[in-house]
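A short worksheet on the structure shown next.
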Amino acid sequence: MEKLMRAPSRYVQDKDVILKMKDHTTMLGDSFYIIASKTAMKVTRPKIEKSFEETDVKLVFETFNGESSKGEINRIRDLVKENGSNVIVGVGGGKTIDTAKAVAYFEKLPIVIIPTVTATDAPCTALSVIYTDEGEFSEYLFYPTNPDVVMVDTAVVANAPARFLVDGMGDALGTYFEARACLRSNSPSLAFGGITQAGFALTKLCYETLLEYGYEALLAVEKKVVTPAVEKIVEAATYLSGVGAENGGLAAAHSIYNGFTVLEECEYTSHGRLVAFGTLVQLVLEGSPTEEIEEVIDFCLSVGLPITLEEVGTKEIDGKKLMKASKVACAEGESIHHILGGVTPEQLFDAIIATDNLGKHYKDLI
Ligand SMILES: [Zn+2]
């Protein structure tokens with residue numbers, strides 16, 4: 001398999017960096033169509049307008065309707081055509097960003113991404129998750145290129161509720177271990193290529209950054225301030241985790257997330273929290289050394305990520321339901337099969353029970 005590395009063309013991150021949007025984006029075009037969620041619009045529009053003050057650049061703002069669906073993508077495509085815009089900008093969380101990426105792809109226009117939370121890997125990757133208009137998962141769209149520009153304003157991100165930062169750290173926690181599993185079994189990355197040293201190095205740095213700065217960054221964001229630790233964690237959760245996962249590949253942690261989404265008990269548990277618990281289960285599945293598992297548990301405890309089933313929403317363990325989730329996680333085509341030797345639903349079920357008991361044990365020690 002040929003080795004492949006891909007990433008956004010430009011990544012910019014700083015406090016109030018949106019005020020410099022003009023400097024980083026006008027090489028792409030002069031008529032911007034800006035799609036933003038309601039909250040994102042309120043927070044970023046004044047800064048975006050200020051950045052383009054005294055220029056001839058045309059800015060059109062449109063509020064995102066909340067679902068990353070074909071209907072919404074087509075609605076916005078029509079508006080973009082009407083306006084004759086030549087650059088698409090997506091501002092907000094995962095769904096807004098995924099919609100903007102799809103619009104840009106279908107209209108063959110460059111794309112600028114401005115995430116306002118760090119909860120997902122959407123900003124840097126070349127794919128979108130598409131839902132039905134009713135919000136059910138529909139499909140993934142894969143693109144030939146990554147976003148042209150990703151701009152992260154750390155003042156905006158630090159002002160979002162701290163739980164988004166924790167979610168982002170949960171999603172980022174799996175990146176190194178999932179890439180390592182893919183490397184061991186020579187499985188393809190999310191970009192359908194072999195794993196480069198560069199890609200794998202990003203995932204390692206992602207994990208090390210979480211361990212070193214995660215707790216400190218969380219305490220700063222709880223007070224809505226930006227410190228060097230916040231800058232490091234925002235980069236880890238946005239760039240290192242996104243580009244790392246795309247070029248390093250997924251394994252059990254994300255399949256476990258997919259499996260748990262069928263349980264109604266986990267309906268309100270975020271992607272990042274489930275991936276964090278899934279990461280621990282993956283380590284148990286792989287028979288990782290105790291020191292490694294303890295390191296991950298300590299990190300989870302420090303930032304409030306789940307280490308037991310109860311913390312992901314399943315108060316009482318119902319064996320039947322857990323088996324159902326295990327089967328979904330082990331469905332054909334799931335990335336859990338990137339674990340060397342493959343994984344059966346029974347093996348996963350046992351690993352989940354063992355992880356939960358391990359988590360309870362560590363909770364009792366506190
Ligand atoms: Zn993820």
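The backbone N, Cα and C atoms fix where each Cβ goes, and this holds for glycine too.
According to TrEMBL, the NAD(+) binding site annotation covers Gly94, Lys95, Thr96, Ile97, Asp98, Thr125, Leu127, Tyr131. Positions annotated as glycerol binding site by TrEMBL: Asp121, Asp171, His254, His271. What TrEMBL records for 8-154 is domain 'Alcohol dehydrogenase iron-type/glycerol dehydrogenase GldA'.
Take the binding-site residues Lys95, His254, His271: by the count of other Cβ atoms within 10 Å of each Cβ, the lowest one is His271. With respect to ligand 1, the binding-site residues Lys95, Thr96, Asp98, Tyr131, Asp171 contribute Asp171 as residues with a C-beta closer than 6 angstroms to one of its atoms, given in sequence order. Scoring each of the binding-site residues (Ile97, Leu127) by how many neighbouring Cβ atoms lie within 10 Å, the top position goes to Ile97. Taking the Cβ of Asp98 (NAD(+) binding site) as reference, residues of its chain lying under 8 Å away and at least six apart in sequence are, in sequence order, Ser68, Ala122, Ser128, Val129, Ile130. Neighbour list (Tyr131 (NAD(+) binding site), Cβ cut-off 8 Å, at least 6 residues apart, same chain): Glu67, Ser68, Ser69, Lys95, Phe137, Ser138. Distance between Cα atoms for Ile97 (NAD(+) binding site) and Asp121 (glycerol binding site): 10 Å, as a whole number. DSSP classifies Asp121 (glycerol binding site) as coil under the three-state reduction. Under DSSP, the residues of the domain 'Alcohol dehydrogenase iron-type/glycerol dehydrogenase GldA' (8-154) split into helix, strand and coil as follows: 51 helix, 45 strand, 51 coil.
Of all the binding-site residues given, namely Asp121, Asp171, His254, His271, those whose Cα is no farther than the 10 Å limit from the Cα of Gly94 (NAD(+) binding site) are Asp121. Counting only residues at least six positions away in the same chain, the Cβ atoms of Ile35, Ala36, Ser37, Ala40, Phe64, Ser68, Gly90 sit under 8 Å from the Cβ of Thr96 (NAD(+) binding site).
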